[in-house]
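J.: Straight from TrEMBL, here's the annotation block:
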{"type": "DOMAIN", "residues": "1-69", "note": "domain 'PPIase FKBP-type'"}
{"type": "DOMAIN", "residues": "93-181", "note": "domain 'PPIase FKBP-type'"}
{"type": "DOMAIN", "residues": "205-292", "note": "domain 'PPIase FKBP-type'"}
{"type": "DOMAIN", "residues": "316-404", "note": "domain 'PPIase FKBP-type'"}
{"type": "DOMAIN", "residues": "415-450", "note": "domain 'EF-hand'"}
{"type": "DOMAIN", "residues": "460-495", "note": "domain 'EF-hand'"}
{"type": "REGION", "residues": "472-499", "note": "region 'Disordered'"}
Amino acid sequence: SYDRGSTFNVFVGKGQLIAGMDKALVGMCVNERRFVKIPPKLAYGNEGVSGVIPPNAVLHFDVLLIDLWNSEDEVQVQTYFKPEKCTRTVQVSDFVRYHYNGTFLDGTLFDSSHNRMRTYDTYVGIGWLIPGMDQGLLGMCVGEKRIITIPPFLAYGEEGDGKEIPGQASLVFDVVLLDLHNPKDGITIENQQVPESCERRSQTGDFLRYHYNGTLLDGTLFDSSYSRNRTYDTYVGKGYVIAGMDEGLLGVCTGEKRRIIIPPHLGYGEEGRGKIPGSAVLVFDIHVVDFHNPSDSVSITVNYKPSNCTVLSKKGDYLKYHYNASLLDGTLLDSTHSLGKTYNIVLGSGQVVVGMDMGLQDMCVGERRTVIIPPHLGYGEDGVEGEVPGSAVLVFDIELLELVSGLPEGYMFVWNGEVSPNLFEEIDQNHDGEVLLEEFSEYIQAQVDSGKGKLAPGFDFEKIVKNMFTNQDRDGNGKVTAEEFKLKDQEAKEEHDEL
């Protein structure tokens, strides 16, 4: 048989062999080798075989058993590893991805997906596989390892495959299942941790910031936002992410952790992407850091308000307050308490982000409130490098400690009493008909010190006075004459600020 390059294939005990060989093969194991001596009466007798075996010849056979099966055999399945958790098993019409080593019964390797470094991907139970493999894969869990032994009539039969597999060969597949889904599957959501307080859940059109670990079903990690030390930021329900993630991120709370399992037709499909193989089921373990909607405004919650609360903050007022600033997940960003000093601003002057200007409106001294500021009213998409992440929702816990009423809008200085009819002459101390910046500054300072006038609080004195002087110095020569000098109420409304 070695010379012919093919095994001898025969049924035992059915008269297809000489009587001696029929007896000699009984009880043999695969890979067992026997030396068989058969007398003429159990071989070809006194006639022999013309030109090959003489009459009354004793025959000697050196036999090596390569394969063995019975027509009543079925597929044999031996599971040698099964995960503790097995939520789903292979059913008819499922699509699976698996690795395998394929050998004959004698251990000879004829094929291996491991050698090709690519899984075998196929539907189960609909005729895409040999019948024995269709049967042998049923009931498997992802991560399970089993040996599937298939008789030839459930494999490639009498003809073999015309390549590596000869006719009548039993096949042994050592299989590990990596992936499993059905084309009818939707996403699966497993809630791992939902905060006790959840005032709002994400909806289509919201903008989310979240961390994630992305793995295949067998646990292979293909991506992680944690490794980049940066959240993944995206709109939800608008096609910015794969369809399964678009769906899986709806209805989440800030701080929620959930697992989203996405079949390939809602992921990266048959082609895959980067480290993600084609037809792969994806598993995302996500942690929602925050979310907002572009239509959101500032949210204000009053935590404490004094019984005497008649003077409310307004644009132009000078405020002193303490704050703790954090992200929605509680991460502390900044605190005036740790610095040991208040934060001081002129409300509405652009000294803080727009959302804080809004959050400090109509507040009385002693009041405490929580102000939640969406990123478009905070630090936007860029954030503040090293301090505030991009697109972050900010939470400020504020206590107003002091309020100095500001001036009417458009004024940097006002008189507390009647204005002198000889104002220019009073400012022009040397009576030369011209007022210099130094004279102007000294006069304004004297009025403020005596209580006759008031400057807008919270601004630098020199800058205010210089601005007032420049507005009066209409020809820009560094001097103000009586002809140039006018009071505020003498000016058209569209003019700049001045006396």
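Every residue gets a Cβ built from N, Cα and C, even glycine.
TrEMBL: automatically predicted annotations, no manual curation.
Explain the structural surroundings of these features, please.
T.: Confidence in the domain 'PPIase FKBP-type' (205-292), given as mean pLDDT, stands at 96.
Taken through DSSP, the domain 'EF-hand' (415-450) splits into 19 helix, 3 strand, 14 coil.
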J.: Which listed stretch (1-69, 205-292, 415-450) has the most C-beta pairs under 8 A with the domain 'PPIase FKBP-type' (316-404)?
T.: 205-292
